[in-house]
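Below: one structure, written as structure tokens.
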Amino acid sequence: MPAPSAADFARLRSLVAIEDLDARQSRPIEEVFTGRELTTIPVGTAEDVAAAFAKARAAQRGWAHRPVAERAAIMERFRDLVAKNRDFLMDVAQAETGKARSAAQEEIVDMMLNARYYARQAVKLLAPKRVQGLLPGVVKTVVNHHPKGVVGVISPWNYPMALSISDSIPALLAGNAVVVKPDSQTPYCTLANAELLYEAGLPRDLFAVVPGPGSVVGTAIVENCDYLMFTGSTATGRTLAEQCGRRLIGFSAELGGKNPMIVTRGAKLDVAAKAATRACFSNAGQLCISIERIYVERAVADEFTAKFGEQVRSMRLAATYDFTADMGSLISEDQIKTVSGHVDDAKAKGATVIAGGNIRPDIGPRFYEPTVLTGVTDEMECARNETFGPVVSIYPVESVAEAIEKANDTEYGLNASVWAGSKTEGEAIAAQLQAGTVNVDEGYALAFGSTAAPMGGMKASGVGRRHGADGILKYTESQTVATSRVLNLDPPLGISGTLWQKAMTPMIRAVQKLPGR
């Protein structure tokens, strides 16, 4: 199966929210597997962003008044179209990112899961909710959820479909419009799904895709949006949070991680070693929730390391548009430099390479072997810094308590994995880890795929949550409407303020004793 055709890219290019496309400056888009130019993409400006927001605001007013069930029906149709066009979508994802097809399929599944969950739950989650009022029977209190307006989404290159589309689905269902800035390396991943959203019945102005540099297009989105969703580095997240703070708008972000795995002496080592290959090396480790640190009880550390090393050395690297490759390419020369820099630094300072450790230009220009290190110490760059590539370090520990302490000894707190002798032990360990998601007997997919549950980071790994009720309600403004059924709190005619306050005191005491107070 080859990369998508020139005709495919030309069709998708026409969906960019930029006027006079052919007159604009453009940048090349490369096939990561080979480094050859596939097509080009127009480069947006701040004026393009402003124009997209103007159209989005006009369209959003009518969209917000449409019944939630009508919006949900569009997302159900979108889900069906994603399933129908999944092979083409995976081709686009592989061409722009260089990931293995199994990692591309994860993006398809994620979009389908989110579209189905929110389409089925939005009516319930967004419905006015009756809550207990000040005086039962006297005061009726209802909470409404109004859309923010126009949401800005700034998405990354590593999972460019899941992290642009899946984050936009609940925003749209909540009654907002969305303006997306895809990463400059992967704009067609977003455009390919925009095409399906429009085909499903979403008005085009409600979902605008404006490609361009973050310093220009990203800044303009922050200056125009009513809420910002960002996925990317912690450093950039801090900058965007400051910009949102100055405008007093809401902000949600999934940021960096240095995710730990704990393997206890009672774990099934064969199963854990095999699962760790996917947990560490899915999308060549370019996954925010992938594992970069493994803490193993010393009694089984040598055995686990041997089994894991054998699994990793047997992985197949290939530049192929089918499911025969276990791992694909890194996306860019910058990624190659970071990964090789971390590994070379570790080797120079005494770390041992158990598997991998080499660039593989014989396969493609940006391939790097899945790499396992031991003997990593704190002065090595890979010890505490996020590599965001196919590199993991194994650390023997004396006890589970030490493993938990070391797992938590990081500025990050995005994801963690636990392999123990029983589910009960695994869950007990999980509850002590400072991570937004923890998987027991799995690396990352169980928590990430549980779309009814919130997903996000603690500490420097993020703000806010995607998925679950949190993932849609964050795109709304809560409004409390309290209605007096009988009287207000002013003294009735003919009753003095002093007498009224004396009468109110026992009433307030009685209310405080009611259930739920």
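Any Cβ shown, glycine's included, is placed from N, Cα and C.
The DSSP secondary structure for GLY232 (NADP(+) binding site) is coil. The NADP(+) binding site annotation in Swiss-Prot covers TRP157, ASN158, LYS181, PRO182, ASP183, SER184, GLY232, SER233, LEU255, GLU386, and the record cites similarity to another entry as its basis.
The active site, proton acceptor annotation in Swiss-Prot covers GLU254. For GLU254 (active site, proton acceptor), applying a Cβ distance below 8 Å and a minimum sequence separation of six or more within one chain yields LEU163, PHE230, THR231, CYS288, LEU414, MET455, GLY456, GLY457, SER461, GLY462, ARG466.
The active site, nucleophile feature in Swiss-Prot is assigned to CYS288.
Sequence-distant contacts of TRP157 (NADP(+) binding site), defined by Cβ-Cβ distance under 8 angstroms and a gap of at least six in the same chain, are GLU96, THR97, ASP183, GLN185, THR186, ILE331. Take the CB of ASP183 (NADP(+) binding site) and look out to 10 A: across all protein chains shown you find 23 other CB atoms. Counting other CB atoms no more than 10 Å from each candidate's CB, the binding-site residues LYS181, GLY232, LEU255 peak at LYS181. Around CYS288 (active site, nucleophile), taking its Cβ as the centre, 26 other Cβ atoms fall within 10 Å, counting all chains. In the three-state DSSP classification, CYS288 (active site, nucleophile) falls within coil. Residues TRP157, ASN158, LYS181, PRO182, ASP183, SER184, GLY232, SER233, LEU255, GLU386, recorded as contacting NADP(+), have a largest CA-CA distance of 24 Å.
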